[in-house]
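Reviewing the structure listed below.
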Amino acid sequence: MEAEFWHQRWQSSRIGFHQPSVNGHLRQFWHTLGVNERTEVLVPLCGKSRDMHWLAEQGHAIAGFELSPLAVRSFFEEAEIVPEPRRLTHYQCWQHGGFSLYEGDFFAADTLGRRFDAAYDRAALIALPAPMRPLYAALLARLLNPGAMMLLVTVDYAPIQQQSPPFAVPEEEVHRLFGEQFSVRLLGRLEEGQGNPRVASGERTFFNELCFALRRR
Ligand SMILES: C[S@@+](CC[C@H](N)C(=O)[O-])C[C@H]1O[C@@H](n2cnc3c(N)ncnc32)[C@H](O)[C@@H]1O
């Protein structure tokens, strides 16, 4: 999507993707990845996700990347903390304690010259239209060291619509995108069924949340 699409979503508070509670797949599977608690976790397209607080509570420092200044500001305001700004290449980086939120385009992250040993993606890959997903996977392969672990949460639903996010990214596509540079393992599949309003209304036949462990080769 264009940057303007996301800026407008945040300006008009159309942020239905934001979860008030911590993602269930994150809670259930993060510790199975065996990531050392002192490892900094890369969180691409992070929004103001509460999942970052949960990861911090597990001992991790966080490197989040987010386009919207509103999202970054809300994240810190809601946590009642005041971050320090720092200019870093293409980013305004906001830091407090273990949190570093890089405000700007994630696709410029190469310019920081940094590498990570862990990553968490919930609603980042599925926010990107199909032509951008291979670029995203290639960027992650460059940013993650060999042996790095990543927890990836996608959605899969039918019938597929390609106009606006969340885009369906089924298991086959995850293997296609990441399979060369990462080992990929499906950890869990949450079937929302009638609990999803669009399934209940008959607009969609199913809606599942999928969770994968990726290990950088
Ligand atoms: C669907 S939301 C998911 C946010 C978060 N991961 C969560 O679970 O709540 C996608 C987020 O990515 C941000 N975004 C979109 N494109 C981006 C880009 N190229 N670089 C950085 N952030 C981006 C949007 O502003 C939005 O906050």
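Each residue, glycine too, has its Cβ placed from N, Cα and C.
According to TrEMBL, the S-adenosyl-L-methionine binding site annotation covers TRP10, LEU45, GLU66, ARG122.
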For ARG122 (S-adenosyl-L-methionine binding site): intrachain residues, at least 6 apart, with Cβ closer than 8 Å = ASN23, HIS25, LEU26, SER49, ASP51, VAL153
Query = So how many other Cβ atoms are close to GLU66 (S-adenosyl-L-methionine binding site), meaning within 10 Å of its Cβ?
reply = 26
Ask   = Rounded to a whole angstrom, what is the largest C-alpha distance between any two of the residues TRP10, LEU45, GLU66, ARG122 that the record assigns to S-adenosyl-L-methionine?
value = 18
Ask   = So for LEU45 (S-adenosyl-L-methionine binding site), how many other CB atoms are inside 10 Å of its CB?
value = 23
